[in-house]
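Peer 1: I grabbed these lines from TrEMBL:
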type	residues	note
DOMAIN	8-122	domain 'Aspartate/homoserine dehydrogenase NAD-binding'
BINDING	Ala125, Asn193	NAD(+) binding site
DOMAIN	171-258	domain 'Aspartate dehydrogenase'
ACT_SITE	His223	active site
Amino acid sequence: MTGVGVLGHGALGHAIAQALGSGQVPGARLVGIAGRRLSDDLECLARACDCAALDAPSALPALGARLIVEAAGASAVREHALPLLEAGCDVILMSTGALGDAALLARLKDAATAHGRKIYLPSGAIAGLDGIRAAMEAGVETVRITTRKHPRALAGSPYLDEHPLDLAGLAEARVIFEGSARDAIAGFPSNVNVSLTLATLVGSPDRVQVRIIADPHAEMTQHRIEVTAASGTMAIDVANQPSPLNPRSSWLAALSAIAMVRQLVAPIWIG
Ligand SMILES: NC(=O)C1=CN([C@@H]2O[C@H](COP(=O)(O)OP(=O)(O)OC[C@H]3O[C@@H](n4cnc5c(N)ncnc54)[C@H](OP(=O)(O)O)[C@@H]3O)[C@@H](O)[C@H]2O)C=CC1
Ligand SMILES: O=C([O-])CC(=O)C(=O)O
């Protein structure tokens with residue numbers, strides 16, 4: 001039985017903790033959920049999941065966690081991923097935007113190597129990373145992701161402070177950003193982690209081009225990934241139900257973390 005801890009109890013953390021706490025993944029045992037502070041919401045979730053509620057993840061290893069699922073934000077990755085690796089835990093990271101910081105990524109990889117641990121990046125709200133990984137063996141030339149979300153999922157993004165736009169008044173779909181994954185994650189830190197997952201796979205946030213479309217008619221969040229490679233081309237389209245708790249995040253992202261835990265504890269690896 002692998003002890004698992006969850007960091008974050010928002011939209012993704014809730015769904016991941018509930019799945020693990022209810023025994024949906026045989027072989028994985030949820031030992032605790034950590035937030036920034038204890039709250040009624042966190043304690044209620046932990047009670048429902050029959051595990052500990054914590055105000056920091058540092059106590060998770062002592063509770064028996066060997067695998068931590070981070071679903072808390074880039075600041076949590078910066079603060080907690082390194083000490084958790086050093087404490088002997090493998091980490092699944094959802095807030096992959098943090099990895100746009102090359103120095104942080106290098107420190108995390110060094111710590112994982114030194115302590116014999118692994119850092120896992122789930123496919124999150126997209127698909128097709130297996131195919132892109134295979135294509136990279138012969139060389140990937142271009143990677144582009146187009147993300148289409150309802151304006152309510154994009155409101156409040158830092159990019160809009162400097163490029164004001166009446167999102168609520170949009171009548172038609174509009175391209176609101178085009179640029180590198182590096183610039184995209186700085187401007188939309190809660191919306192395009194997927195572009196940094198792609199960038200981490202292909203080696204640099206400057207190698208992934210991002211286009212963001214605000215679409216008042218979009219009921220689903222859509223991501224289209226286009227790749228040109230020596231081996232051929234790929235076009236991957238995903239249309240996701242937004243999480244009922246947070247319209248910025250796709251439900252599929254939480255499911256990808258649960259599926260990754262299942263894959264890690266299973267005796268067979270597919271894909
Ligand atoms: N890789 C992917 O494909 C995807 C990644 N994401 C990313 O996953 C993460 C989780 O998403 P989601 O659940 O929707 O976000 P939410 O905003 O719904 O929840 C975030 C949770 O993390 C907690 N938190 C924030 N900072 C810290 C910290 N430093 N230490 C501990 N807990 C912290 C928050 O607590 P509090 O209530 O105290 O603020 C809250 O409980 C986000 O970074 C999001 O951008 C989302 C979708 C797809
Ligand atoms: O959930 C999504 O569709 C994508 C997302 O928010 C992210 O990558 O940060």
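Start at 1 and count along the chain as shown; that gives each residue its number.
Placed from the backbone N, Cα and C atoms, the Cβ positions cover glycine too.
These numbers come from a predicted model, not from an experiment.
If you look at the structure here, what lies around each of the features I listed?
Peer 2: Here the domain 'Aspartate/homoserine dehydrogenase NAD-binding' (8-122) returns a mean pLDDT of 98 for the predicted model.
Non-local neighbourhood of Ala125 (NAD(+) binding site): Asn193, Val194, Thr221, His223, Val238, Asn240, Ser249, Ser250, Leu252, Ala253, Ser256, each in the same chain, at least six residues away, with C-beta under 8 Å from its C-beta.
DSSP classifies His223 (active site) as strand under the three-state reduction.
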Peer 1: Where ligand 1 binds, which of the recorded positions Ala125, Asn193, His223 are close by, with Cβ under 6 Å?
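Peer 2: Only Ala125, Asn193 meet the Cβ criterion.
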Peer 1: When DSSP is mapped onto helix/strand/coil, what comes out for Ala125 (NAD(+) binding site)?
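Peer 2: Assignment for Ala125 (NAD(+) binding site) reads coil.
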Peer 1: Which has the fewest other Cβ atoms within 10 Å: Asn193, His223, the recorded positions listed?
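Peer 2: Across Asn193, His223, these recorded positions, the one with fewest Cβ atoms within 10 Å is His223.
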Peer 1: By DSSP, what is the split of the domain 'Aspartate dehydrogenase' (171-258) into helix, strand and coil residues?
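Peer 2: Computed counts for the domain 'Aspartate dehydrogenase' (171-258) are 25 helix, 34 strand, 29 coil.
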